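Visitor: Provided herewith is a single structure, encoded as structure tokens, for subsequent inquiry.
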Amino acid sequence: MLYDPRYLYQLLHPLSSSIRDGYGWFYPPSFSLFLLPLAVLPWLPAYFLFVGGTLWAYIHTLKPWLTSPRMVWGLLAFPGLWFNLLTGQNAFLTASLAGLTLYWMDRRWKLSALFLGLLFIKPHLAILFPLVFLITGKWRILGGAVLVAGGVLGLAVLGEGTEVLPAWLHSLGVAKSWAENGGPDYWKFMPSVFSSLRWLGLSIPPAYLFHGLVALTAALATAWVWRTCQNAEVRAAVLTSASLLISPYLFYYDLAWLALPLILLTRQGLKHGWRSWEREILLGTWLCPLLCKALPVIFPLQIGPLFTIALLWISVRRAR
């Protein structure tokens, strides 16, 4: 079963001798439904189909907000795009689902509910979405998303067997253990507050405490903005940047999500004028995925959360 790291390694190692032990599969069973059509292909065509298809979705999701050629070039050169592309990860898919949820929210609620329900293939990135829809009274979207997420999970369990659920839940304990005790070789890839503090030498309880305080602050700030601000672009920028501060389990390729708040805040700056430190923080955040990968080679430090926190700050400030 994929949820057993040893079995997963036995499947992966024949593909390349460079693959070492230490890979884990922690996704809900529902994510497997996205991958089933690829299972009939050799791994290289499957990679190109998955990455190419999700990249297309990613670019077309962001396209309505790309109002100038310079913004398009900025997206195409964005390091977060290239790291996800080269690693074949799913951040294009999840960022697309998040963006489509927000784009259709006030246009066609059924589509918004569909995309939000599908976003729960990676639930730790979707935690704040139900919160803001509760706050704004978007009950139909919430109800529809619950039905979609539950239905997709039910189909996966029907196809894979009921034993897949306890196996998935057990795998979450493995993920938690790796995040807590993985060491520098693991933490250097994880731009979360928790992992950054663990790498700095904090023990597990205070690292969780500080991470929890940051996550709570991000959640409260998001709730305040969605209650008091009617600017849809500012709301979306706050929600997507805050979502990257909630879970201790975050990897550098997830920073492809940063494209959405970067684009939206750039639009706000061009429309309404720039505020102090906005352009500097946006540039630093644009470089953030590259810095998260390059600096740990030189210094035992993961600086990713600093940029995400700064991005959330300028996003919230736009709501005032």
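Here the Cβ of each residue, glycine as well, is placed from N, Cα and C on the backbone.
Any TrEMBL annotation is an automated prediction that lacks curation.
According to TrEMBL, the protein carries these features:
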TRANSMEM  34-59  transmembrane segment
TRANSMEM  71-93  transmembrane segment
TRANSMEM  113-134  transmembrane segment
TRANSMEM  141-159  transmembrane segment
TRANSMEM  207-226  transmembrane segment
TRANSMEM  238-264  transmembrane segment
TRANSMEM  284-314  transmembrane segment
Visitor: Taking pairs 6 or more apart in sequence, does the count of Cβ pairs under 8 Å between the transmembrane segment (238-264) and the transmembrane segment (141-159) hit 3 or more?
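Guide: No; fewer than 3 Cβ pairs under 8 Å.
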Visitor: Residues of the same chain, at least six outside the transmembrane segment (141-159), with any C-beta under 8 angstroms of its C-beta?
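Guide: Hits for the transmembrane segment (141-159): 28-30, 32-33, 105, 109-110, 112-114, 116-118, 120-121, 129-130, 133-134, 165.
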Visitor: In the same chain, which residue numbers or ranges, 6 or more beyond the ends of the transmembrane segment (113-134), come under 8 angstroms Cβ to Cβ?
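Guide: Tertiary neighbours of the transmembrane segment (113-134) are 27-28, 30-31, 34, 90, 93-94, 97-98, 100-101, 104, 140-149, 151-152, 218-219, 222-223, 226, 235, 239, 242-244, 246-247, 249, 254, 257.
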